[in-house]
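Single-structure report; data block below.
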């Protein structure tokens, strides 16, 4: 029998004001009172300084690092500065947590994930998106040892991030369809449990679409729970298949082509509309659901020129070529790409 290790967070703490418990969480989980706290320039003010204050009151020795970008250089810096720490605390958005995730994996120390936004499922997943000289790559990493998601803080972030997180979860639907296709056509390993969890999470969020609003803590809580669940599906699968398919290829292509890309989740949401059309699914419902939460559904709403949308569709199949999707091995012709974007009203 084939056995595989599934990494999941040991503890998940989510709720209003839960960040105040971070000292107790660290005391219960960590062998020593010395940690590296990684933040971003903005997130340090939002939550990082408060985490530092709480842990200093609990007599922790703290090494502070601020990063601007999720690059290989940032990871190397954090690896060097955290090698003697008992854990890394990533306090911030996706870039901060991705760098913290890779550094903790390399140093074989736990990561405590403290997200300040609900923009994508990186807060709980065993994957990290890191930029190198070839672009952005998705790397395997250890899942966070613990996760502390303060919904008060997350709900105060710009609503655009929460809507992007919602969109990222909805993209699970096309991702799983792509995964099924790869299983049928090229016999790629498929996990029924991971796929079921991923799809269930997306459907639960669709059911909650009417209740997702700006500056609303319950809305933030719903999206956070969905992102955590999506991250767990990735852990169960052992790869990002349950949450990343042709729609993510489109988003990554846009990142490479567009001068000013939108948020990852926003691009994946628009990609989901078009890929659902290709898959023969109910793309109109996807579009309607995203509109309910005020997430972008068009090139104009993404703030990206229509030509870049077309070019990203044409180039998308070249992203992670080993990952088979509805785009196939040869991708889309320009005529097909234009037709898909027009039919789904992503372009006019």
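Please read every residue number as a count from 1 along the shown chain.
From the backbone N, Cα and C atoms, a Cβ is placed for every residue, glycine too.
Pulled from Swiss-Prot, these are the features on record:
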BINDING   94, 95, 96, 97, 98, 116, 125  NAD(+) binding site
BINDING   121, 168, 252  substrate binding site
BINDING   168, 248, 264  Zn(2+) binding site
Inter-residue C-alpha distance, residue 264 (Zn(2+) binding site) and residue 94 (NAD(+) binding site) (nearest angstrom): 10
Neighbourhood of residue 96 (NAD(+) binding site) by C-beta distance under 8 A, where only residues 6 or more apart in the same chain count: 38, 39, 40, 43, 67, 70, 90
C-beta crowding around residue 94 (NAD(+) binding site), within 10 angstroms: 25
Binding-site residues (98, 168), the one with most neighbouring Cβ atoms at 10 Å: 168
121, 168, 252 excluded, remaining Cβ within 8 Å of their centroid (substrate): 120, 122, 171, 243, 244, 248, 251, 264, 265, 268
Under 8 Å by Cβ from residue 121 (substrate binding site), same chain, sequence gap 6 or more: 165, 168, 169, 227, 228, 230, 231, 234, 243
